[in-house]
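Following: one structure in structure tokens, then a few remarks.
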Amino acid sequence: MFRAAGNLSKSMLTSQRRFLNLQEFQSKEILEKHGCSVQKFVVASNRKEAEDKWMSFGDHEYVVKAQILAGGRGKGKFINGTKGIGGVYITKEKNAALEAIDEMIGKRLVTKQTTEEGVRVDKVMIAEGVDIKRETYLAVLMDRESNGPVVVASPDGGMDIEAVAEKTPDRIFKTPIDIQMGMTESQALKIAKELQFEGKLLGAAATEIKRLYDLFIAVDATQVEINPLVETADGRVFCVDAKMNFDDSAAYRQQDIFAYETFEEHDPREVDAHQFNLNYIGMDGNIACLVNGAGLAMATMDLIKLHGGEPANFLDVGGAVTEDAVFNAVRIITSDPRVKCVLINIFGGIVNCATIANGVVNAVNKIGLKVPMVVRLEGTNVDAAKQIMKKSGLKILTANNLDEAAAKAVSSLPK
């Protein structure tokens, strides 16, 4: 995701949470559906399927790409790979492209964004190579400071845009768009000029830019990033690679797009938590955290580390949590065999502390608890919550504030 720097707004420095991850071929399908220019491509799960779907790409290069939800595929390595092929393979020979498919499918690809175990490749995309003359960068995203959409553009595409923003901020251009009016022709032409398109390509680039903005609005995106948006040697404009983020609250009206969602590459605990509207991220420590609110969760993890411990997870139960969700939150965080202590930190504003207490007590009674549990509760119905826990007879360590809770959690770990 693009993080701005230099002359760009501070509000654009914050990473937005990506609720829906798309494979590259899925992004290309969306681009194509909305009239944007993309290379010819097919997607296959095996060599025979690729041959059956093969299109006439002309005499240009073939680009074979492993389809996984991780960056750095081009420099990635396959575990037990035999031919030194990475996650991206370029060739002018059809047979070599087909052999690359055999080399990728079913193997685990390790990149800078995966674990050492890598990610299994189940699909590949075979695309028509294009003779790239020049690469540019274009992104449409929501910007808090502008209170609406912004187009971020740079003539220096095909590289780490954060590095461009840091080293040459004058090469990045920002154009706020009135969401009511939409992008005007003059704005599209201005952005195309900033990307240094000239002659007949100026109009073609402006058309592409406007289509990308229209797509951004139509699919309820929070970001559409094209890197690179290229100019070819034969005078065409293509969206070669795309990253898209979507507003998860619009899932009900973007059902076709959210139907793309798969969970094969997700932590099973994250998938489990998602069913109960819980935000869970697994970590490497041994103190499980159950907290309401992302900010409080971050502060809880920081204090655990300050006292010499390591958090096992990030888990935000949210403001509309139910007893059933709390039950499942406890179940999920205690399913991690590395967990040696559970820390529950609730500041009840919207959240009813009694709801948390009932959910925790029910979970411990049904699941059992073999590790210490430290609980700090404050806010709505806190006295009732404390009574619920006291009457339960469970061995729960209580704390009056977050610092005390973190200290007790760390000190309760096995020596």
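Glycine too: its Cβ is placed from the backbone N, Cα and C atoms.
Around the Cβ of Q39 (GTP binding site), 18 further Cβ atoms fall within 10 Å across all displayed protein chains. Per TrEMBL, GTP binding site is recorded for Q39, G72, R73, G74, V130.
Marked as Mg(2+) binding site by TrEMBL: N227, D241.
The annotation substrate binding site is assigned in TrEMBL to N292, G349, I350, V351.
Summarising the annotation, TrEMBL assigns domain 'ATP-grasp' to 28-255.
Annotation for E61 (site 'Important for substrate specificity'): same-chain Cβ neighbours under 8 Å, separated by at least 6 residues, are I90, T91, K92, E128, G129. Under the heading site 'Important for substrate specificity', TrEMBL lists E61 (among others).
Positions annotated as site 'Important for substrate specificity' by TrEMBL: D131 (among others).
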Chain-mates of N292, G349, I350, V351 with C-beta within 8 Å of site centroid, substrate: G293, G319, V321, I346, F347, G348, N352, G379, T380
For D131 (site 'Important for substrate specificity'), the number of other Cβ atoms found within 10 Å of its own Cβ: 11
G349 (substrate binding site) CB neighbourhood, other CB atoms within 10 A: 12
Number of Cβ atoms other than its own within 10 Å, given for V351 (substrate binding site): 22
